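Worksheet for the structure shown next.
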């Protein structure tokens, strides 16, 4: 974090600029935009941009446009358009009537390209893509002029019109801006404005055989929509001179200004759209909404509340310098949000059966359990207690170390909402594995307190063997094992333990709950019901643990 980020105050350098522009009268109102390309699913980085652009508009009484940058028809699909709109709404924002597409402006963009040609500031180039790349030069060497750079205006206009009409094959010609092949900024070395592409467009069909570049479409679309503050990430900082060049040389209706902020980088995470696509296509994950993915669809399926994501983004702030945020900050925001909202239930992830030998056979009783310890208004529920129960395997050790206070032979513990129990006998199978515990209970300790004042050092959760419901429990961890995964070798850094699937037992209330919202499994973490659930088959995803277990594992292995 830099000193330019003032997240605690809810202000940052971009908001300061907006406030100053409004105070000075430079702008009467603020208009921002979020302009995704519909060629994939939104991820954490997009969430930061969404919250910034929509948040600024909301805070300053303006509006934010949702504009799809649909200038590459071979990569764009309606599936992504629909998903992006769902994700923006899920985050809590609404573009109202301001839904736009760059393709809405294709005719105007074409006319402006002709304007540049007539002014001698654009030309048709017959060179191949590779020849153009080689002639562009390097950071230390100037570029070389195209042999077609001085084509007559009339010839350029004719060729450009024929490009549009579809007379030439893909790659045969491009339209380039005529700026400065010796510029120290490579983006100003006669960038491509249009390329030939014989491909149907999702919205315009086969009407166009040429498509504008992002750099040409972006700023002019901003101007058409009267965007006041065009906010993007730092990798576009070197594109700003080109953004301004187009606005300076075209009869545009308004003059937006581009501002750049640091993109979001998170530990144990890669946000490259290319890598995310390869993860999906390579079968490393189960789709774009796999709960391990940093996509907004994946976060939703994992059970992350939009409120937690907005709070996380608010806390990391907006800065001018790139940095990496510990994923633990996101986990903290999730825990803090869910701690307030999630009802409590009991679930045993790795069941170990216990038999309470002095509890009457064939009998059971109802006990009262609170739904939320900090909110009495959430009420209570009834849970059934009987002779046979399930506890966590991890809550028993036959030969415990000094600081292990849970169940062991001869030790007494408290069962939550129920009684004190003592382990009397350990039952093992032929392989020597513990399969059952024989215990006794103290009937006088109902509710969890002993009349004689004796204390126990552990309270454990449990479920009734007679009434518990089987459930598949999916424990999700970091997708990448290393904190700073190498994008070039991402496949080798995948965490082999990023998903563990367990066969657990849960209290029957979880089968009756008709909500897909989050729930806290007491002493375990926050979980949500997965869409794979069906009648007779419960599936739960872990959203986040109650504490940072990863840090403990990492420390133990170091």
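Every residue, even glycine, has its Cβ placed from backbone N, Cα and C.
Secondary structure at residue 44 (ATP binding site), taken from DSSP and collapsed to helix, strand or coil, is helix. Around the Cβ of residue 44 (ATP binding site), the same chain contributes 264, 266, 269, 271, 294, 296, 299, 309, 330, each under 8 angstroms and 6 or more positions distant in sequence. Feature annotation from Swiss-Prot assigns ATP binding site to 37-39, 43-49, 233, 263-264, 271-273; the stated evidence is sequence analysis.
The feature L-glutamine binding site is assigned by Swiss-Prot to 69, 214, with sequence analysis given as support. For the recorded site, residue 214 (L-glutamine binding site), the DSSP three-state label reads helix.
Annotation source Swiss-Prot lists motif ''HIGH' region' at 36-46.
Remote same-chain partners of the motif ''KMSKS' region' (270-274), defined as residues 6 or more beyond its termini with a Cβ less than 8 Å from a stretch Cβ, comprise 39-40, 43-45, 263-264, 294, 480, 485, 487, 490. Per Swiss-Prot, the feature motif ''KMSKS' region' maps to 270-274.
Per Cα geometry, 37 is the residue among the binding-site residues 37, 48, 233 nearest to residue 214 (L-glutamine binding site).
Among residues of the same chain six or more beyond the motif ''HIGH' region' (36-46), those with a C-beta under 8 A of the stretch's C-beta atoms are 68-72, 75-78, 80-81, 83-84, 87-88, 214, 233, 263-264, 266, 269, 271, 273, 276-277, 288-289, 293-297, 299, 309, 330.
The distance from the Cα of residue 233 (ATP binding site) to the Cα of residue 69 (L-glutamine binding site) comes to 16 Å.
In this structure, the C-alpha atom of residue 69 (L-glutamine binding site) lies 5 angstrom from that of residue 37 (ATP binding site). Applying an 8 A CB threshold to same-chain residues 6+ apart, the list for residue 46 (ATP binding site) reads 34, 36, 87, 296. Helix, strand and coil counts under DSSP for the motif ''KMSKS' region' (270-274) come to 2 helix, 0 strand, 3 coil. Sequence-distant contacts of residue 39 (ATP binding site), defined by Cβ-Cβ distance under 8 angstroms and a gap of at least six in the same chain, are 72, 75, 76, 77, 80, 273.
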